[in-house]
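Quick look at what TrEMBL annotates:
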type	residues	note
SIGNAL	1-24	signal peptide
DOMAIN	26-168	domain 'ML-like'
TRANSMEM	174-195	transmembrane segment
TRANSMEM	207-226	transmembrane segment
TRANSMEM	331-353	transmembrane segment
TRANSMEM	374-392	transmembrane segment
TRANSMEM	412-433	transmembrane segment
TRANSMEM	474-495	transmembrane segment
TRANSMEM	501-520	transmembrane segment
TRANSMEM	532-552	transmembrane segment
TRANSMEM	558-591	transmembrane segment
REGION	636-751	region 'Disordered'
COMPBIAS	649-661	compositional bias 'Low complexity'
COMPBIAS	709-718	compositional bias 'Low complexity'
């Protein structure tokens, strides 16, 4: 199977998070230091601590600035998931720490080793060295031992601890992206081969899974303090929102921003001189003792929050950019660039595949009827692909364009944000409007919305991305989906300073989505409904977890840490199950002789309305042509499904009826209006499209046959009539070929 080789990659990437380091020696380290009290007398611009339990030491290398003078003692506490597992006091004089006994004001640049007792090491559980994204920190209070206020805390510093293990893995990103891309390509190939039922199921599940990946990424974009494992897990799916770091693209975007009047941030280039903290629970966003203030220092961190003691805090969307190695001022342009790149690649893929098919047919490498529908209407397919990509990228465009309105990185970036957001929103809204009008017209004419929605290949290829995943009677459900994405994106973009507001809003939004999906069940069949309802349920559970992370209940830190681990495990298992389901079903479809038989036919009878020219040859005989005309199929395979054309056709019919019923008009009479309306409807019928040439087949044979018959009657000529003309009991002369008599026609209708 073409997609199955990615399965080991997914499993290995998931298991890599649990594997031990390549070295047999356990290590705990920290590379950031933050002050934890106001007016702290000790700050560090460089801080690197490596603790190796085998040699009972912690190696410390830092460049610090101290305003403390005199003898001090270090009060050290180590926390893991909110629990204090180690508490000890270290006297720098008895430990022979150079430069710290006594402490003197000025800069400190002396690496040293801090001894750790065996009892302290024994209290550290072994899982702390292997569990990914360990939620641990060390806090050190520097207390005076002499002077007028002995025991007074004159400084406080805090550092996060890592064991080097993380679930933010490049393998998970590539594997999940590969599965999505291969599944979409498989659905396109299966659909081109004429198995539309199987292709629609694969495409629907793939888009739903991709939407789940985007929902995971949106969790990380919220301005809510997240446990380390949640931050790393959500970072795995930021690629689905266009957050992709490519070096040369970042250089181009930085140049573009500066050349258009913007000021680029240089925070990532200054990490060796400043301390940057990724927001966590122990550093609330509004703390009077810390005096957080949004300000810029020489363009160093244009969007980051700077504390009163000189360090920076990144949160929400900025946190995602920092972890991805992208300057926050480049983030919007990065997302927009990759959105446009993928759109161009999709369009280029359709054009190249069209050229390949034509070349293969000419060189007789491929049969002339293979991918015939695609070759005949490839331009309509291209427009449908671009429309589908607009729908797929709508969440990222909504979030980052609206967020850019609050950032104003440069005048050109603001113009691009307005253009893309308004343009895509207008395009999708117009597409939804067209679908609703087509469906209502189908209901008015045929009492079934599926009739025109699925019988017209032009409408199906161009607008089908909005309704093919739903049952025909739920054609309108694309409107709630667009509203859901828009409202969710607005809260994420505009409420970056109010994490609690985001959490409450997401609970309400996800609850409404879950209720609507469970009650309406709008998707095409039972399995697809179950697939999407499960995703809605998981999104609702994640929203509840986010509300817990806001700490509005004042829960213990241990509870927050445990909830973070539960979120990671639950979502990882759920995502793996969905991936395996998609891979297995896609593989079975690719190697099945008739994939459509694997899926039950939908209750809306869409399959009976879909016409695959790959499996059904054109009607060439006279009887087939008459059947096409009688059913009205010719009207539904017109070049375009223009509702205006339908309305104009009905209007012209009505005008003909009115003109025929005017007094003094030739052929006026009680039956002339019906006859005119009937002829107008007949003239609107068109023959089927030739699948290879893309042109309409000749209708002359059966048109001549119809001209030779009496209007309103399909009976053979009566043998009693003279001179080849038939007579009837109603007194109306018949219309035989060559007949000279004229008179009113018999009433139309079934005899």
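Any Cβ shown, glycine's included, is placed from N, Cα and C.
The stretches the transmembrane segment (474-495) and the transmembrane segment (207-226) are in mutual contact, each linked to the other by at least three Cβ pairs under 8 Å (pairs 6 or more apart in sequence). Note on the transmembrane segment (412-433): residues 256-257, 260-262, 332-333, 336, 339, 387, 390-391, 393-394, 397-398, 400-402, 404-405, 463, 466, 478-479, 482, 486 of its chain, located 6 or more positions outside it, place their CB under 8 angstroms from a CB of the stretch. Remark: secondary structure over the domain 'ML-like' (26-168) totals 12 helix, 72 strand, 59 coil, with classes taken from DSSP. If you average pLDDT over the domain 'ML-like' (26-168) in this model, you get 81.
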